[in-house]
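The annotation active site, 4-aspartylphosphate intermediate is assigned in TrEMBL to Asp397. Summarising the annotation, TrEMBL assigns Mg(2+) binding site to Asp397, Thr399, Asp822, Asp826. For Asp397, Lys398, Thr399, Glu503, Phe544, Lys567, Arg601, Thr681, Gly682, Asp683, Arg796, Lys802, Asn825, Asp826, the entry in TrEMBL reads ATP binding site. The domain 'P-type ATPase N-terminal' annotation in TrEMBL covers 20-86. Annotation source TrEMBL lists domain 'P-type ATPase C-terminal' at 848-1102. The transmembrane segment feature in TrEMBL is assigned to 80-98, 277-298, 332-351, 879-900, 912-932, 962-986, 998-1019, 1031-1055, 1075-1095.
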Amino acid sequence: YIICLEFSFYFFILEEEREVKANDRGYNEKFQYANNRIKTSKYKILTFLPINLIEQFQRVANAYFLFLLILQLIPQVSSLSWFTTIVPLVLVLTITAVKDATDDYFRYKSDSHVNNRQSQVLIGGKLQNEKWMNVRVGDIIKLENNQFVAADLLLLSSSEPHSLCYIETAELDGETNLKVRQALTVTSELGANISRLAEFNGQVISEPPNNKLDQFRGTLLWKGNKYSLNNEKMLLRGCVLRNTEWCFGIVIFAGPDTKLMQNSGKTKLKRTSIDRLMNTLVLWIFGFLIFMGIILAIGNSIWEYKVGTQHQIYLLWHEVENNAAFSGFLNFWSYIIILNTVVPISLYVSVEVIRLGHSYFINWDRKMYFSKKETPAEARTTTLNEELGQIEYIFSDKTGTLTQNIMTFNKCSINGKIYGDTYDELGHKTEITEKTAPVDFSFNPLADKKFKFYDHSLVEAVKLGDPRVHDFFRLLSLCHTVMSGEKKVFLGELIYQAQSPDEGALVTAARNFGFVFRSRTPETITVQEMGKPVTYQLLAILDFSNVRKRMTVIVRNPEGQLKLYCKGADTVLFERLHPSNQDLMYVTNDNLNEFAGEGLRTLVLACKNLDEDYFTNWLKALHRASITLDNRDELLAAVYEDIEQDMMLLGATAIEDKLQEGVPETIAMLTLANIKIWVLTGDKQETAMNIGYSCNMLTDDMNEFFIVAGHTVTEVRGELRKAKARMRGRSTSLLNGSVFQEKLKECQSDSCFDETITEEYALIINGHSLAYALEVELEEEFLETACMCKTVICSRVTPLQKAKVVELVKKNKKAVTLAIGDGANDVSMIKSAHIGVGLSGQEGMQAALASDYSLAQFRYLQRLLLVHGRWSYLRVCKFLCYFFYKNFAFTLVHFWFGFFCGFSAQTVYEQWFITLFNIVYTSLPVLAMGLFDQDVNEQSSMDYSRLYEPGQLNLLFNKRRFFICVAHGIYTSLALFFIPFGAYLNTAGDDGKHIADYQSFAVTVATSLVIVVSVQIGLDTSYWTAINHFFIWGSVAFYFAILFAMHSDGIFYMFPSQFSFIGNTRNSLSQVSGWLVIFLTSVVCIMPVVAVRFLKVDLYPTLSDKVLYKQKAKQRQKPLHRYMRRIRRTSSRRSAYAFAHQEGYGELITSGKNMRVSS
């Protein structure tokens, strides 16, 4: 079995090509290809315990406590019982293991849900239902409409003409527009004939598994012939079959070998920056502990040599001790055990409890609950909450994350007049709200009931027969590549199969206004115009391309007239208008500026009457160009250009690419919080840029856009360097020489030059160029250029490229990153970032299931970071500062005591106080602060985004703050020890009896310590609740209750060896001098802190202090309701629809391949 596994491993490494034989499992199994089971969970039942323990002991503190436990098992050095360490250690390990197991169980359930989906597999000449995990390479699978593709398949046949099929690839690249795949002609003849499919024994030789979504190379060998295979014949796992009744395919890649899974990153163990810092601090503390142990051990050896030897008659050495040096060695380990409480294990228990509480606060937040889908926010991990308050970079998907991917026809301009606005009785423009009455389309039985339009004047113009308005909507109903779902007319509802949401929105608008596109053949288009069916002869489709930026159709109407209809970018169409359109063009241009200012995607429409003879000659020229072998594209472009001249302007459309609610406002607030947002999308560059405008990430106020589109390493390097030089040149010219030199000195390195850039730039790069930019020799140059820009947009990127961009920033910028997406194509990015946020959106639940936090809407990210994240970071930092302070104050008293007890490793406090101090007396107050504290309220956290910056700069807990806490703790320990020691030295009680005994001293120091740390946490608490009051003052009262109980006569008689301080509390605390010592000690410890904090707030207030002052000043006033104005795009960029479009189905339509033969 082991040999078999090793063979499989080496085979995987060496696989250079894949060989698959259809319907022959025996043949394929000898290659030991992966089955179709997927696994994203980390653990198995048998390996959980060892793997989880290894992960947990990577925490330095856990390893440290294990070492202490081993020491405590040695009687000669142990001064404390071993159970004081093993119980909390096992508790911490158990809690963490249960949490990790729970998280992994949910991943396992998700895997099981996918693996147990049903698929129809051809086995033994019959179609059988099989679970996805049982599908094997070489199996033939039947898919039906709207089913997910189970594995990477080679398409064999389908229900559509010419074995076409339509797929939606949203989970792969984020695009919801349909894509076409077509089987080989030889396999399409197999059809749905089960017997012929069962006899199919073709052999596929292909490339090995890889992560390239847009590439596949292979060959089919069948019946002695070879057939070339490419990506257009593949159905990839994660796609959904659409508008196709059925299809058959052969499995080429299964499970982990599929391109979807090859693009999914591995589940990684994520630790916060505070966790990593704590590991470092624990090492430092351990070093400090060893240092103290060495000093005390040396002191013990000297004392034993000079003094101890004189008292051996009644201070006997242990049997193993034979000299002073060895006594010091043993005492070194004893002091290591006594002083280990500088980092008590309760610290880690408390941190886990606080993080768990913060996770529940996120889950319970009603303001992040999406009522439309009844979806709450969910913290899927409990270990990363404070890092939500330290985010510097957000990497966001576009489709389904920033947008709803829903296009709506909002406005239009026809013959210079704008339609789509609403006005009141006085003629003033009014805002459209939910209460605004939409246009009544009841006159049109085929109208789409979901379509909303609010300007009634446009319907009146249509009904009155305005020829310009009719031509406008006639063009929209004819000039497109939409396929009509005529066979799916149900209760008057037409189904359109649009290549892009833009085109679907335009055809739907024409449909509602009375020009209903009904059907098409390769030669005709049928439109129902105002209730009358009209069939146009389709003579030519001049398809869209990124160079042409327009689309044209030429038709003959029933009257025999030749008409040319064109739609495209205004920059392209305005140049091709007849001179008589000049005045109308200026008016329309003003309308386009208005549309663009509202963030709408615009498109210009024009038409032209054609002469019969001219058109005949043009067709001949088109035919000659289409059959030319050399420079065919250039010749066709010239022929197209010839006919697309002297057109008559009809108007312009304005489509809204609907953003999710609150996206521009959220991005604006996150930007104010100094968070940089990069958009990484699989969508087209132009579409991504348009969304950038809509979100106000791109504006005309920016100094310059840099578009990187090189096709070689040299070209990409040149474009990046050119962009960097322009930014540096502009910045240098704006700064005088001395200022610029000072800025450079501040940076000290080229890598931080982005700090000196004062202007706003944007970098747009496509996936092809990004592949070169991410290579080792270019990655630093790309990162440096990108970080100098305010906005970065990466388009046409693969899932793996998204993850690589995130890793690049993580590695080089040392910044905390967050990735957010909603599709399976975002999973690898989500796993790579420090924080992964999944949206439970339109593209399935894969992103949410792989994420650390799941939200229903992008806008909730603002609250997640600015409120929950900031509070979490603040609370954890205050908790750690206080915890280190109180434990240094508590522990170092033993160090000072060592100089007065012969370095004998005797403790200052009784053993029960040491045991209960961290887990009873001081645990609940610090937990309350860690769970509930807040410097300012949630509204102020949202309003003042700059409050977020301390987390990004790591100001609230870092090495400097740690040393300040340690210094504070050392000062407190000095006061706690030496003030009572000095007061009790040679002192008599009120009754004249001597009170300077060890037990009275221990009780006084312990009582002072509890009071001091309780008052200190009161000073540290900014937000008081009843819980804080109860825990802080209740802990002090509880301390006294336990103290009197443990020093009582009754418990001494029951356990005389365990409770030796009988009656000490009554004696010590009944003395006025004892209380005066406690009071003096407390004042000396607390007053300097009060004075420093008062002066700091008064002389050097932070933004938080100022906001808190304003907040308190307004508490008695009526709260002012703040409404954020809707952020609108102020841009002159237009015709984003034409730019965003891609080469359509024009050639497919005119070839007739996708048309059914009429029965």
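If you go along the chain as it appears here, the first residue is 1 and each next one adds 1.
Heads up, the Cβ atoms here are built off N, Cα and C, so glycines get one too.
Under 8 Å from some Cβ of the transmembrane segment (332-351) lie the Cβ atoms of residues 59, 61-62, 64-65, 68, 71-72, 74, 77-80, 85, 88-89, 91-92, 95, 282, 285-286, 288-290, 292-294, 296-297, 876, 879-880, 883-884, 887-888, 890-892, 894-895, 898, 905, 907, 914, 917-919, 923, 926-927, 930, all in the same chain and six or more residues away from its ends.
At the 8 Å Cβ cutoff, the transmembrane segment (962-986) and the transmembrane segment (1031-1055) share fewer than 3 close pairs (sequence separation 6 or more) and do not count as touching. Taking the C-alpha atom of Asp826 (Mg(2+) binding site) as reference, the shortest distance to any of the binding-site residues Phe544, Gly682, Arg796 belongs to Gly682.
Among the residues the record lists as binding ATP, namely Asp397, Lys398, Thr399, Glu503, Phe544, Lys567, Arg601, Thr681, Gly682, Asp683, Arg796, Lys802, Asn825, Asp826, the two farthest apart have Cα atoms separated by 34 Å. Secondary structure by DSSP for the domain 'P-type ATPase N-terminal' (20-86): 31 helix, 2 strand, 34 coil. For the transmembrane segment (1075-1095), same-chain residues at least 6 beyond its ends with a Cβ under 8 Å from one of its own Cβ atoms are 968, 971-972, 975-976, 979-980, 983-984, 1004, 1007-1008, 1011-1012, 1015-1016, 1019, 1069. Residue with the densest Cβ environment among the binding-site residues Thr399, Asn825: Asn825, by other Cβ atoms within 10 Å. Note on proximity: among Asp397, Thr399, Asp822, the recorded positions of the record, the Cα nearest Arg601 (ATP binding site) is that of Thr399. The two recorded residues, Asp822 (Mg(2+) binding site) and the residue listed as 'active site, 4-aspartylphosphate intermediate', have Cα atoms 8 Å apart. Here the binding-site residues are Arg601, Arg796, and the one with the most other Cβ atoms within 10 Å of its Cβ is Arg601.
If you take the Cα of Asn825 (ATP binding site) and the Cα of Asp397 (active site, 4-aspartylphosphate intermediate), they are about 9 angstrom apart, rounded to a whole number.
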